[in-house]
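Feature annotations, courtesy of Swiss-Prot:
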SIGNAL    1-19  signal peptide
BINDING   Gly86, Trp87, Ser88, Gly89, Thr90, Gly91, Lys92, Thr93  ATP binding site
CARBOHYD  Asn142  N-linked glycosylation site
CARBOHYD  Asn283  N-linked glycosylation site
Amino acid sequence: MAVRWWIIPMLLLVPGSSGAWEVLSLPFSLYNFYECGFKVDIEALDCDLARNVFGQHLAQELLFKSVKEFIESDNPSKPLVLSLHGWSGTGKTFVSSLLVKHLFKEGSQSRFVHFFSPVLHFPRVQNLEQYKVDLKGWIQGNLTACGRSLFVFEEMDKMHPGLIDAIVPFLGTSWVVYGSNYRKAIFLFISNAGGDDINEVALDFWRQRKDREDIRLHHLESAISKAVFSNPKHGFWQSQIINQHLIDVIVPFLPLRPSHVRQCVRTEMVQQGLEPEEVLVNNITDSFVYFPEDEKVFSSTGCKTVASRINYFV
């Protein structure tokens, strides 16, 4: 294949003197424009999800199916838009990192993977209108550079309502927006909101002695939608993304049982080069706080603090 180079404008988001983020135009050289570092290993993604994500049968199934179908399409009808919901520590951020790892050659270091944090990038509500301009410019500039980009919006429950609507033009079915085809992009929204409702459903299944793996999306989707999209403090409050049905799949993450925490502990110990001795693994697992207080069914923090607890016990 011949080597091809393009010089195109790239937009850089930098902090301005007012506290808002400003968009700067920089020259940007692209090698093999149509590839954009997009190197898919779908089998490795499937394997990684199965081996390293615990207690999330539904999330694994929904994510893998939707991503596989999307990347196998030569002409997708719209960008893939996924919204991940569940309590902290249940695996949302970890799963998004696996997607990045197996979709892009350089993983999270790829210039075509973009992460947004409301607390870091959009902290001041008084700058909301400027943030909208900056965010739209950033998305437009980077999608013009590469239609195979991935955008991850973390902590949507902390985003100022109204801000996310700035990206609505890039999420629909249009062939071309602002001169470029954006339908091969992927957008991930991550939120803790809806976690309480997911937990209630999981707890009801446990109390009724129903198999956890029998929990399906239809058991959760309505409750998540109501909790998230009707919350005036959430980033999706009265959003056109919701009104126009631009989210393709809601992905619930279930609360984790002690057995799942134990798996997390073992895996982390092996990654640290430690011997996962049974007594030590059990002691670390037992140190977590579980709820409800009288039944101790689920971990209050999922697997979030596993690494720090191992360091404490070791």
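The backbone N, Cα and C atoms fix where each Cβ goes, glycine too.
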Number of other Cβ atoms within 10 Å of the Cβ of Thr90 (ATP binding site) across all protein chains: 32
Taking the mean position of the Cβ atoms of Gly86, Trp87, Ser88, Gly89, Thr90, Gly91, Lys92, Thr93 as the ATP site, which residues outside that list, in the same chain, have a Cβ no more than 8 Å away, listed in sequence order? Phe94, Asn192, Gly195, Phe253, Gly302, Lys304
Just name the most isolated of the recorded positions Gly86, Lys92, Thr93, Asn142, going by other Cβ atoms within 10 Å of its Cβ. Thr93
Please report the number of other Cβ atoms within 10 Å of the Cβ of Asn283 (N-linked glycosylation site). 13
Measure from the CA atom of Asn142 (N-linked glycosylation site) to the CA atom of Thr93 (ATP binding site) and give the result in Å, rounded to a whole number. 22
Report the nearest neighbour of Asn283 (N-linked glycosylation site) in space among the binding-site residues Ser88, Gly89, Lys92, comparing Cα positions. Gly89
C-alpha spacing of Asn142 (N-linked glycosylation site) relative to Gly89 (ATP binding site), in angstrom: 30
So if I measure Cβ to Cβ from Gly91 (ATP binding site) and keep only same-chain residues at least 6 apart in sequence, which ones fall under 8 Å? Val53, Phe54, Gln56, Ala59, Phe253, Gly302, Cys303
List only the single closest residue to Asn142 (N-linked glycosylation site), chosen from the binding-site residues Trp87, Ser88, Thr90, Lys92 by CA-CA distance. Lys92
For Trp87 (ATP binding site), what is the tally of other C-beta atoms lying within 10 angstroms of its C-beta? 22
Ordered by sequence, the long-range same-chain Cβ contacts of Ser88 (ATP binding site) under 8 Å (at least 6 apart) are Asn192, Gly195, Thr301, Gly302, Lys304
